[in-house]
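Participant: Below is one structure. I have some questions about it.
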Amino acid sequence: MPAALPILLAWLAVLLVGRARPADACSCSPIHPQQAFCNADVVIRAKAVSAKEVDSGNDIYGNPIKRIQYEIKQIKMFKGPDQDIEFIYTAPSTAVCGRLLDTGGKKEYLIAGKSEGNGKMHITLCDLVSTWDSLTPTQKKSLNQRYQMGCECKISRCLSIPCFVSSSDECLWTDWAMEKNNVDGRQAKHYACIKRSDGSCAWYRGMAPPKQEFLDIEDP
């Protein structure tokens, strides 16, 4: 075997490894619904009426990028542009962070995601997408104003008890620690972290609009 052949084979192996595509995977860090609302460009209540696969350019390897295009009927916009959303785009499978929606036109969703302009938005598996009927009355009420009132606050997930706030503008989200890794617990369902008049933040519970000065926990 010529002396240069092993070197050539080694270089070919490096090139092939360099062009290999990573395995498809998707993982999301749990976040409180208020955080999902504040992080999103668009938050709407809507139905999906149809779906089709469309091309969205090419990846770095020259392969076509496929996305699912959902045509939707917007029922209400809680956050976003003046223009109604007509289409939602997502990856074609959950393995690559795609979010699947029922297209029967009967199931209503709360959908939060990123704006693509011109009546379009994009969602991933990590965005807040819930059936409307699964939301609590407090969550539905909070979409109108309460979540927005706390977007300057910081919600920190408590992984194990005890845990402590590090600043006055922070609320500890303890569902994970108190309810055996449950991200859809009491605080997620019934509480919002709202900024007080003195600049501090605290959890608020209640169906009525928050008072100017309120206790950390207030029942309806």
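In case you wondered, yes, glycine gets a Cβ from its N, Cα and C as well.
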Participant: In TrEMBL, Cys126 is disulphide-linked to which residue out of Cys28, Cys38?
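Facilitator: Checking TrEMBL: disulfide partner of Cys126 resolves to Cys28.
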Participant: Just confirming the record: what cysteine out of Cys151, Cys153, Cys158 does TrEMBL connect to Cys201 via a disulfide?
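Facilitator: Here TrEMBL pairs Cys201 in a disulfide with Cys153.
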Participant: Rounded to a whole angstrom, what is the C-alpha distance between Cys26 (Zn(2+) binding site) and Cys126 (disulfide bond)?
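Facilitator: On Cα coordinates alone, these residues lie 9 Å apart.
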Participant: What is the total of other Cβ atoms whose distance to the Cβ of Cys163 (disulfide bond) is within 10 Å?
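Facilitator: There are 15 such Cβ atoms around Cys163 (disulfide bond).
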Participant: Rounded to a whole number, how many Å is the Cα of Cys171 (disulfide bond) away from the Cα of Cys201 (disulfide bond)?
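Facilitator: Cys171 (disulfide bond) and Cys201 (disulfide bond) have their Cα atoms 7 Å apart.
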